[in-house]
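J.: One structure, as structure tokens, below. Some questions next.
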Ligand code: UDP
């Protein structure tokens with residue numbers, strides 16, 4: 001285990017797409033099922049979560065359509081906070097104690113991001129959800145997942161994916177011959193330009209020796225299994 005904590009500690013990255021169930025906004029049925037999966041593992045493992053926001057806005061897409069990139073990225077970050085609140089609600093309905101920490105201050109809805117406090121919550125068995133990304137334009141929530149995992153000394157970054165069950169040697173949605181890779185190094189993933197996770201996140205993990213596991217959210221039970229340590233999807237490490 002990293003650091004001083006005695007239980008397994010994971011940083012789970014959930015993409016915004018997962019929250020929308022394929023459409024804009026939050027699909028409560030999907031988030032509630034996800035929350036139950038997380039709850040099934042939460043008594044045994046310390047769980048911190050970084051939520052994406054692609055089901056609302058992606059800054060790069062809005063800027064291609066004429067918006068100022070920085071402002072569009074802030075909209076993207078605010079979207080992640082809505083996902084964080086939705087997830088918090090369903091996690092609490094599933095019986096868990098939770099805290100949302102936001103990288104942009106909005107003290108009525110979330111605590112500010114205070115890493116030491118996040119660690120205390122985890123030690124007390126609370127699930128901590130990190131919203132608003134890094135609070136910085138030009139970053140992605142994948143990169144934030146890597147950064148938060150390092151700062152709270154998680155054992156692994158778990159990247160849950162929609163519609164794909166790991167890292168492939170080519171895009172499986174466009175190339176039916178693409179092959180799934182069980183294990184790959186960060187160096188190889190970067191050299192091959194694999195885009196399943198963004199390159200900044202890969203390099204941050206590579207430079208700081210943080211392992212990553214990329215796995216599919218389907219079938220049901222996968223998220224629980226990955227949190228508990230099952231060998232699913234693709235392990236990326238040095
Ligand atoms: N974003 C940002 N800084 C961050 C994290 C996110 O500017 O630290 C913005 C960015 O515009 C991004 C959007 O928030 O497109 C949503 O996050 P992301 O695309 O990573 O979500 P996901 O693809 O995981 O749903």
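Glycine is treated like the rest: Cβ placed from N, Cα and C.
Heads up, TrEMBL stuff is auto-annotated, nobody curated it.
Here's the feature list from TrEMBL:
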type: BINDING; residues: 13, 14, 15, 16, 54, 58, 162, 168, 171; note: ATP binding site
type: DOMAIN; residues: 19-215; note: domain 'Aspartate/glutamate/uridylate kinase'
type: BINDING; residues: 53, 73, 134, 135, 136, 137, 138, 139, 140, 141; note: UMP binding site
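What does the local environment look like for each feature on the list?
T.: According to DSSP, residue 162 (ATP binding site) sits in a coil region rather than a helix or strand.
Averaged over the domain 'Aspartate/glutamate/uridylate kinase' (19-215), the predicted model reaches a pLDDT of 96.
Residue 140 (UMP binding site) falls within neither a helix nor a strand when secondary structure is assigned with DSSP, and so counts as coil. On its own chain, residue 140 (UMP binding site) has 133, 198, 200, 201 as residues at least 6 apart in sequence with a Cβ closer than 8 Å to its own Cβ.
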J.: Which is it, of 15, 53, 134, 136, 138: the one of these binding-site residues whose Cβ has the most other Cβ atoms within 10 Å?
T.: 53
J.: Within 8 Å of the centroid of the Cβ atoms of 53, 73, 134, 135, 136, 137, 138, 139, 140, 141, which other residues of that chain place their own Cβ, given that this set defines the recorded UMP site?
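T.: So the additional residues around the site are 59, 76, 77, 133, 143, 144.
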J.: Give the subset of the binding-site residues 15, 54, 140, 162 lying near ligand 1, defined as CB under 6 A from any of its atoms.
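T.: Near the molecule: 15, 54, 140.
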J.: How many Å lie between the Cα of residue 13 (ATP binding site) and the Cα of residue 138 (UMP binding site)?
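T.: Cα-Cα distance, residue 13 (ATP binding site) to residue 138 (UMP binding site): 18 Å.
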